[in-house]
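K.L.:
Sharing a structure, written as structure tokens. Questions coming.
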Amino acid sequence: MFYLLGLRLLKYITFRMAYATIFAFLLSLIIGPHIILRLKKLRVDQVLREDGPKRHLSEKAGIPTMGGILIFFCVFISLVFWSNILNVYFLIMLFVMLGFAFLGFIDDFLKIKKKTSDGLKARFKIYGQIIFSFISVGTLYYFGSEHVSMIYFPFIKSFRIDLGLFYIPFGMFILISASNSFNLTDGLDGLAIGLSIVITGALIIIAYLTSRADFAAYLHIPNIKGSEELVIFLGALLGGSFGFLWFNAYPAKIMMGDTGSLALGAILGMAALIVKSEILFSILAGVFIIETMSVIIQVMVYKKTKKRVFKMAPLHHHFEELGWSEMQVVIRFWIIGLIFAIIALSTIKIR
């Protein structure tokens, strides 16, 4: 809204990004307690898995879920004020946010209604993810930059692969994988949102560099015209995420639920597609990939041998079972996530 006023100051990406971040963060702090209280009154409590860590059954009982509502409401309001709402990348990101959040909301709602940890059936969830990812990636393919179907590789300056139409299923795979990986990792207070903040910060830097022709030419990365609005979008997401972490830090007052985790993964996955950092995203999301692989390995090995590789999966529960405190697991995983982000960002220059 402010952008459309045409004020000169609002043409500066860094200014709008900074205030989109601050606006979303402060709004979260203001309305967060009211949303938490409202969810408690509605008895929208986190439904805990019986096969999870036993101490969670007592420690996390009664904590309201659907906290993704808080994140994305604050992000949306901030974007209305600070973003160019006519930008194609803004519209794609908004669609991904609302679509996957809606899917997660249905999942959370069914869990609460049935009072079990089984919400939306897996096949219906994946159908929804396929539909939303196909629409969003397809739109990106037809309205994106001239680089849209190109895959760029870290450490290699000039080598790239043009996937053509096959970029659509490739992009869909990234969105769906990211969405589900973030969902699996959301099991401890502050874990998933803290890692998301690290990735969001890294993608803001990448999006800013790709939006500037001078930086893009110097670093030998594609110049994505219009991607400056992605910087604003991610800035608002960063602020909303920090605001949510304020209440989600141990001991959590609210959980993001599938409403938050399914959408967060998809949003960051789409951001990586827009700025042509698909391969780089696999480094940025290293902790999420490791968490997902721990579940896959656990299931596959147990089916064949009836033995478990880990004491419990995903991996963060394994370390809890080894005696690590919840905060130790969370902070150490944050540190590892930050290291992955530093490695990913360093590859931009090392070409």
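Cβ from N, Cα, C; glycine included.
According to Swiss-Prot, the transmembrane segment annotation covers 17-37, 62-82, 85-105, 124-144, 161-181, 190-210, 230-250, 254-274, 279-299, 328-348.
Show me how these features fit into the structure around them.
P.N.:
Listed by sequence, the residues of this chain that lie at least six past the ends of the transmembrane segment (85-105) yet keep a Cβ under 8 A from its Cβ atoms are 1, 3-4, 66, 68-69, 72, 75-76, 79, 120, 125, 128-129, 132, 135-136, 139-140, 143-144, 175, 179, 183, 226-227, 229-230, 232-233, 257-263, 265-267, 270-271, 274.
Residues 88-89, 92, 95-96, 99-100, 103, 107, 165, 167-168, 171-172, 175-176, 179-180, 262, 266, 270, 273-274 of the same chain lie 6 or more positions beyond the ends of the transmembrane segment (124-144) yet place their CB under 8 Å from a CB of it.
For the transmembrane segment (190-210), same-chain residues at least 6 beyond its ends with a Cβ under 8 Å from one of its own Cβ atoms are 13-14, 17, 182, 216, 219, 221-224, 227-228, 230-231, 234-235, 237-238, 241-242, 244-245, 248-250, 252, 256, 260-261, 264, 268, 271-272, 274-277, 280, 284-285, 287-288, 316, 329-330, 333-334, 337-338, 341, 344-345, 348.
Away from its own ends, the transmembrane segment (230-250) comes close to residues 13, 16-18, 20-29, 32-33, 36, 67, 70-72, 74-75, 78-79, 82-84, 89-90, 93-94, 188-190, 193-194, 196-197, 200-201, 203-204, 207-208, 211, 256, 260, 264, 267, 271, 274-275, 326-327, 330 of its chain (Cβ-Cβ under 8 Å, at least six residues beyond either end).
Outside the transmembrane segment (279-299), and at least 6 residues removed from its termini, the chain residues within Cβ reach (under 8 Å) are 151-154, 174, 177-178, 180-182, 184-185, 195, 199, 202-203, 206, 265, 268-269, 272, 308-310, 313-316, 318, 333, 336-337, 340-341, 343-344, 347-348.
Only residues 6 or more beyond the boundaries of the transmembrane segment (328-348), in the same chain, are considered here, and those with a CB under 8 A from a CB of the stretch are 154-155, 188-191, 194-195, 198-199, 201-202, 205-206, 209, 219, 221, 250, 280, 283-287, 316, 319-320.
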K.L.:
Given a Cβ distance threshold of under 8 angstroms, which distant residues of the chain, six or more beyond its ends, lie next to the transmembrane segment (62-82)?
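P.N.:
Residues packing against the transmembrane segment (62-82) from afar: 1-3, 16, 19-21, 23-25, 27-28, 31-32, 35-36, 39-40, 44-47, 90, 94, 97-98, 101, 104-105, 108, 112, 232-233, 235-237, 239-241, 243-244, 247-248, 252-261, 263-264.
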K.L.:
So which residues does the transmembrane segment (161-181) touch in its own chain, when a touch means Cβ under 8 Å and the partner is 6 or more beyond its ends?
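P.N.:
Counting only partners 6 or more residues beyond its ends, the transmembrane segment (161-181) has Cβ contacts under 8 Å with 96, 100, 126, 129-130, 132-134, 136-138, 140-141, 148-151, 261-263, 265-266, 268-270, 272-273, 278, 281, 285, 288-289, 291-292.
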K.L.:
Residues sitting near the transmembrane segment (254-274): Cβ under 8 Å, six or more positions beyond its termini, same chain?
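P.N.:
Long-range Cβ neighbours of the transmembrane segment (254-274): 32, 35-36, 39, 46, 60, 63-72, 89, 92-93, 96-97, 99-101, 103-105, 107-108, 119, 129, 132-133, 136-137, 140, 144, 171, 174-183, 185-186, 192-193, 196, 199-200, 203, 207, 224, 227, 230, 233-234, 237, 241, 244, 247-248, 280-281, 284-285, 288.
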